[in-house]
Structures are given as structure tokens and as C-alpha cells.
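Just lifted these from TrEMBL, have a look:
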COMPBIAS  46-57  compositional bias 'Basic and acidic residues'
COMPBIAS  58-70  compositional bias 'Basic residues'
REGION    32-70  region 'Disordered'
Amino acid sequence: MSVNRYVTMVVNTVIRQLVNIGVNKGFTWLSRRNPPKTPAAPAADARQRQQARETAKRARQAARITRRLR
């Protein structure tokens, strides 16, 4: 392989990572830009949010374990 091909591979990898970071930051910014205009959330909503976070954490752990087993 020529040096040009190696340079192209490295540049493509860097650009792919930068675009990925930019897209993630953009979605994060959009999701926080307009917070819902509701009154203070009751305790039930707080419990539900906590439970959703725990469920998401368990799902990430399960996905991580599944990737290790493959």
C-alpha cells in the first residue's frame, strides 16, 4: 500500500470521530435547549425517573456483558 492510502485511512478515522462527537454534542444541546414548562415534579415523577435511570444502567450492563461473550 502506498503512503497516500495510509494517510487517507488515518484522516478518515479522525474525521469520522470528530463528526460523531459533533453529532452527539448537537443532540445533547437540542435536548437541553427547551426544557419542559411544567410545574415542579412531584415525588412520584422523581421515583419514576430514578427507576428509568436504573433500568437504563442495567440495559447498558447487559449489553456490555453480551459483547464480552461474543
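Note: Cβ is positioned from N, Cα and C throughout, glycine not excepted.
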Per DSSP, what is the residue count of the compositional bias 'Basic and acidic residues' (46-57) in each of helix, strand and coil?
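DSSP composition of the compositional bias 'Basic and acidic residues' (46-57): 12 helix, 0 strand, 0 coil.
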Going by DSSP, how much of the compositional bias 'Basic residues' (58-70) is helix, how much is strand and how much is coil, in residues?
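Secondary-structure breakdown of the compositional bias 'Basic residues' (58-70): 12 helix, 0 strand, 1 coil.
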